[in-house]
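Peer 1: Pasting in a structure now, in structure tokens, and then I'll have a few things to ask.
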Amino acid sequence: MTTIASREPGTRGQWWRFAALLVITLIVLVPVFATLLLAIRPSASSSASGVLTLENFRYIFTSTDVIVWLGNSLGVTLATVVVSVVVAAPAGYVLSRGRSKAVAGFSLLLFVIQSLPVITAIIPLFVLFARIGLADNLIGLVIVYVGSTMSVATWMMAAYFDSIPHALEEAAWVDGCSVFGSFAKIVLRNSLPGILSTAIFAFLLAWNDYLVALVFLRSSVIFTLPIGLQTFFQQNATDWGSVMAVSVVMLLPPAIIFAVLNKYFSIGGIGGSLAGR
Amino acid sequence: MTPTLTAPSTTATTASASTPPAGKGVSRRTITLILLVAPCLVLVVLINAYPLVVAASQSIHNGTLIVTGDFVGFSNYLDVLTSPRFWTAARFTLIFTIVGVFGSWLTGMGLALLLRTKIPCRGVFKVLLMLPWVVPIVVSSTAWNWLVSTPTSPLPTLTAKLGFGEVHFLANPTLAAITVCVFKVWVSFPFMMLMTSAALAAVDTTVYEAAGIDGASRWQQFVHITLPLISRSTYISWILMTIFCVNDFPTIYLLTAGGPVDATSSLVVLAYRTVFQDQQTGPGVAIAFLMTLVLVIVSTALYRQIRKVDIA
């Protein structure tokens, strides 16, 4: 044993660290395992037999409004993603290429905005939107989400545009291309990674939001999933099977994006860290 | 002409080399830039800046969500600042933020350092440990609720079996506060792990060889080499986590709704409850506004500080 240890000094420590990490990971993931497991276990009240079942999913999709809420969540989230990117990309370009005092001021404005508590904006916006019929309304929700993504999304796009050589554009300008033309045809076309990260950031913000939806949405037909999920909790008899099945539905889209676009997910999720660039 | 770009250089160039298009005046370029930034600016002003002005006005009126009410000067602020609930919430916000920032930083950095060493299945661990951050708060709070909320939940049952008696994780004020803070650390440590990992990856390992030759211990190397080298990233992650913690609503609200008896009411939760449950718009907005003022001052100061670190 000692001979092996002396020949490969790192090996034993390596397995100790592995064991420690394994225990830590298992403990950390208990809530995740619990969610997945309860979702596929038969409910206490259900007639389904066996150890594993999709009964909970069948129930939530056929007997509750979950399918409607899922549709609402998907619609709101996709709209937020598209509008955020379309608005933030040009603004990010200005932040990246502009060099006046005004641009520096804009940059500071975005930084301050980003650190503002959502709650402060939410209350006046609720009053304003209630007056024009946008309070209990999914379009109103999208507008608020897009507004909340703006500072970080603009920053992320600017950070990516910074990495695109100016020389490319300058060459195009010499050939008579306009500033907008060079932005659209050269900068934007080469910015897919930046756009993806920004889109994922907007996706996570809209998909995971609880506070804005809680304040704005009143009628159950336009609930998004996070609000809908809360209706499953009852004082003493929460049907955990259904709750966890809805949770899994809610968890899947971010999990899939994380699995497929891991790198961009990290950048998108970290979003705000670009604030210090 | 279609320019081909193989790999965008990763070093961010400072915006100084751009020249306006040949044959077109500077004003033409400026107009284009203004048009490009306009939609974003309009949205930011409408959704972020304008409500701030309205909030300021709401906080000095005694209205409700529907009517503006009468002008009452600073009495809402006086009421808020003299109410014990506000200070309880301020105290909890401070504790929640400190535990959230440093708890998640220490955990995240510890794991990042561990994951940097040679370990079997390192990649798998890296992905699995990101999960608390990938899972939406609405979902993870549900799972945590299942684990601890009632006396018959798994964790209290476990503590009872281990002889600690029945532990009421969310019913006892102190325990509820601890549970919420632990939940916040659980949610946030992957962010810190990611930030630290990225910073550590950029550290030149030859520095350690030199230090090792000079006889520096592991701990000395960590304190005197690693920490200073990743200080900028650490600094930024602290700032961001501070903002995330102070502004956090769902992590607290979904687990305890601020209870029991305000024990886990942060300022955001208190502001929400004051406006939407107690129907007191003025004081509620005043709470939110006091929070905003502090955050604006803090974030502006920190922004300057980061710029300074950048130059240094």
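Using N, Cα and C of the backbone, Cβ positions are placed for all residues, glycine too.
All TrEMBL annotations are machine predictions without curation.
Sharing the feature lines straight out of TrEMBL:
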REGION    B:1-25  region 'Disordered'
COMPBIAS  B:1-22  compositional bias 'Low complexity'
TRANSMEM  B:33-53  transmembrane segment
TRANSMEM  B:90-115  transmembrane segment
DOMAIN    B:90-302  domain 'ABC transmembrane type-1'
TRANSMEM  B:127-147  transmembrane segment
TRANSMEM  B:167-187  transmembrane segment
TRANSMEM  B:235-255  transmembrane segment
TRANSMEM  B:284-303  transmembrane segment
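Could you give the neighbours, burial and distances for every feature on this list?
Peer 2: Tertiary neighbourhood of the transmembrane segment (B:33-53): same-chain residues 292, selected by CB-CB distance under 8 Å and a gap of 6+ residues from either end.
Here the transmembrane segment (B:235-255) has Cβ contacts under 8 Å with residues 93, 96-97, 100-101, 104-105, 137-138, 141-142, 144-145, 170, 179-180, 183-184, 187-188, 191-192, 195-196, 264-269, 272, 291, 295, 298-299, 302, 305-306, 309 of the same chain, all six or more residues outside its ends.
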Peer 1: Which residues of the chain, 6 or more past the ends of the transmembrane segment (B:127-147), have a CB below 8 A from one of its CBs?
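Peer 2: Same-chain contacts beyond the flanks: 111, 115, 153-155, 179, 183, 186-191, 193-194, 250-251, 254-255.
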